[in-house]
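J.: This is the structure I want to talk about, given as structure tokens.
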């Protein structure tokens, strides 16, 4: 029974990334992938690795999750997150949570400390208090950029739909040395969304799915479209039918586009450690580490590669 070579893949959201934010987005996904891989390399679990990677991006204001989340119609941050364990199909999720720096941590607690899978809004808040999760003032999570965009979208001739293309959910998938897979996804949702709107992220099978029998996937893009086709589970279904991660991802994204006109992106790892990062939007920052090689990109067809040691050396120099 050979030990698996661990793999982690992360995404920073499918959409449109403005030139001046490219560098930061790229650095953010690379950092997240390296952090998650650090855990796997020491024999840590896929679950810990995806949680760590997503937490890293929640703390990075370049992404629409945690700090940097977009604002709802009333100018508040409401976030969704999910985590799933491929070993036993356990999952935990939270939706419409406020004043929490790392929703992914709360999702993990829902999975491990309750008999439930999804807690929402006030109930999630009460649970967080009971678990001793520190409260972060709402305004601490709001960036200048999110507020600007919210104001712009309030103007009578604005078209929030236009801005919703610039989405930025974050996610991670991994396989550890034991061959267990896991996924994690976290988001601030759609800019100027209705209060209480929950998208695909918190929904099992849509925002993410993990099953040791096939693999794990985390999705990003237009939430309502993703929910209509149950995108994450659809990809795994295609892999169960014998498709490679890349083909399964492309097939599912094509279906979503033709059937419901939805755009998005996905990251996938199968139970053999093969991975893919695919998207039908203009861009999606992604990064992966396998065999001590880091790969990353933002634009379609773009793929940079460098040894992990080299990447880690330049990482530590950057902090």
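Cβ coordinates come from backbone N, Cα and C, glycine included.
Because TrEMBL annotations are produced automatically, they should be read as predictions rather than curated entries.
This is the feature table in TrEMBL:
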ACT_SITE  169  active site, nucleophile
BINDING   197, 198, 199, 200, 220, 221, 222, 223  substrate binding site
J.: Pick the one among the binding-site residues 197, 222 whose Cβ has the fewest other Cβ atoms within 10 Å in this structure.
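T.: Least crowded of the binding-site residues 197, 222, by Cβ count within 10 Å, is 197.
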J.: May I ask for the distance between residue 199 (substrate binding site) and the residue listed as 'active site, nucleophile', taken between their Cα atoms and rounded to an integer number of Å?
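T.: For residue 199 (substrate binding site) versus the residue listed as 'active site, nucleophile', the Cα atoms are 11 Å apart.
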J.: Which ones, of the binding-site residues 197, 198, 220, have a Cα no more than 10 Å from the Cα of residue 169 (active site, nucleophile)?
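T.: Within 10 Å Cα-Cα: 220.
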J.: Max Cα distance spanning 197, 198, 199, 200, 220, 221, 222, 223 (substrate binders), Å?
T.: 16
J.: Suppose we draw a 10 Å sphere around the Cβ of residue 198 (substrate binding site). How many other Cβ atoms does it contain, all chains included?
T.: 21
J.: Taking 199, 221, 223 as the binding-site residues to compare, which has the smallest set of other Cβ atoms within 10 Å?
T.: 199
